[in-house]
Amino acid sequence: MKLEFTEKNYNSFVLQNLNRQRKRKEYWDMALSVDNHVFFAHRNVLAAVSPLVRSLISSNDMKTADELFITIDTSYLSPVTVDQLLDYFYSGKVVISEQNVEELLRGAQYFNTPRLRVHCNDFLIKSICRANCLRYLFLAELFELKEVSDVAYSGIRDNFHYWASPEGSMHFMRCPPVIFGRLLRDENLHVLNEDQALSALINWVYFRKEDREKYFKKFFNYINLNAVSNKTLVFASNKLVGMENTSSHTTLIESVLMDRKQERPCSLLVYQRKGALLDSVVILGGQKAHGQFNDGVFAYIIQENLWMKLSDMPYRAAALSATSAGRYIYISGGTTEQISGLKTAWRYDMDDNSWTKLPDLPIGLVFHTMVTCGGTVYSVGGSIAPRRYVSNIYRYDERKEVWCLAGKMSIPMDGTAVITKGDRHLYIVTGRCLVKGYISRVGVVDCFDTSTGDVVQCITFPIEFNHRPLLSFQQDNILCVHSHRQSVEINLQKVKASKTTTSVPVLPNSCPLDVSHAICSIGDSKVFVCGGVTTASDVQTKDYTINPNAFLLDQKTGKWKTLAPPPEALDCPACCLAKLPCKILQRI
């Protein structure tokens, strides 16, 4: 009789014991020297995983009793990394982070281990974001990782308006010529306008003028001067005085300026590249006058006072929420004829005009507030049913593709007003909740730290309004809460609230702001409002119509301006500020 027995995980058992022997310096027959550190290992193990070691053994005709010594330059691989590599060779396990991925790639290159290179490639793909895409592109070019290079390049192209801004330019000025030229040549480059592209080129050249002046002539050809404002053209002309062999470029600039003096003024928008960004307010979903739920997505182009339809949502809903992050708009929740609180979540790609289904929210929500902070999408508060409020703050984890509970507000509320400060803090200001059995807005400010998941500061103040307030930071530590009946300045440092005489005028249709309106701050103390319910003071609350107009409030003057009317009058639509690429205008 014959029986075969197989040990479970025997290979792992053997390698674990060999690794213990390595660390105890037992039975070693090779050593790796890095700086003043010596690491002992077994030739057979490393020869099995590294073609480099196998080649050294065979080319030197090493005998069984011979010992192999390898000296590694510490400027190429650190002792810490060599120790990590040896652990990986013996166990097949490695922990990759943004801090060690470059050295691990060097190790994979040095020892010629393609499996480790694949792991590093996968890590870079999964962890890429706006903050690291420039560094990742450098790594991809250095180690010839095409997939990473393509994704990182797209990240830089889609966020060029950030990298060319004062906030991001400190790192971007070190961009290699081959990458910088490729970006300027890209028609889909996401610049604020062609002025930013020309200014970025000049600043990039002057950052290392002696080395980069030779690239100016070639890169200048990628700029459409007809799309550049007179002010920036004059700025560029003055800068060219400090460069050699730029007389022809100066002549081109002067020619454009001269032509403009002789022709009728026209919008520069028609000359912008396809990727140039338009500040826009995007309206999604809502309920129509006869009760039908809407799935339309409309954009108001601020610069042109123009409405256009972008797309149709994958579902019809009102009281949903939306926020933008880069080229994407995220939507979630809402109510329909059948379901009062939807869990569904979607992402709209403004560049490709396409929708992607996201994992559902953990609970169905209406009147929640979506917001983007530090490039991450959050959902704040909301209702799961009439008079049932939640305090949950959810975060969407792009890498794991899941909604996570990030923390909780101090009070369960819906219809909250939220403003961000920096890349870390959310200020959640007032909201609706049950007070002594009645739905009421409460005077509370929660400072939520997205890094720790805690409400690090909670301030309460007497509230005399039940309308949705407008928020702004007039000074670094002064949060302004403006409403129709009462306005408050909250000193976050002194934890003190003070009433002010400034108030928000009611809408031109004599209605106050509430959760049914689409409200969006668009910068420069201006606030966009459209849709919502219109009620008159001399009729019962049940008699209402839907506001068919759009308005713009200048908070500096306290006056409303009537804008171009939206395509449809909608109650409780979602609303967010977004930067749309110019190419969408070609759809009109």
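Cβ coordinates come from backbone N, Cα and C, glycine included.
The feature domain 'BTB' is assigned by Swiss-Prot to 12-124, with sequence analysis given as support. Residue counts of the domain 'BTB' (12-124) by helix, strand and coil are 63 helix, 15 strand, 35 coil (DSSP-based).
Per Swiss-Prot, domain 'BACK' is recorded for 133-235.
The phosphoserine feature in Swiss-Prot is assigned to Ser149; the stated evidence is similarity to another entry. Secondary structure at Ser149 (phosphoserine), as computed by DSSP, is helix. Counting only same-chain residues at least 6 apart in sequence, those with a Cβ under 8 Å from the Cβ of Ser149 (phosphoserine) are Leu137, Ala140, Glu141.
According to Swiss-Prot, the feature repeat 'Kelch 1' maps to 280-327.
Per Swiss-Prot, the feature repeat 'Kelch 3' maps to 377-423.
Across the repeat 'Kelch 5' (476-525), the DSSP tally of helix, strand and coil residues reads 0 helix, 21 strand, 29 coil. What Swiss-Prot records for 476-525 is repeat 'Kelch 5'.
Annotation comment: Swiss-Prot describes 526-580 as repeat 'Kelch 6'.
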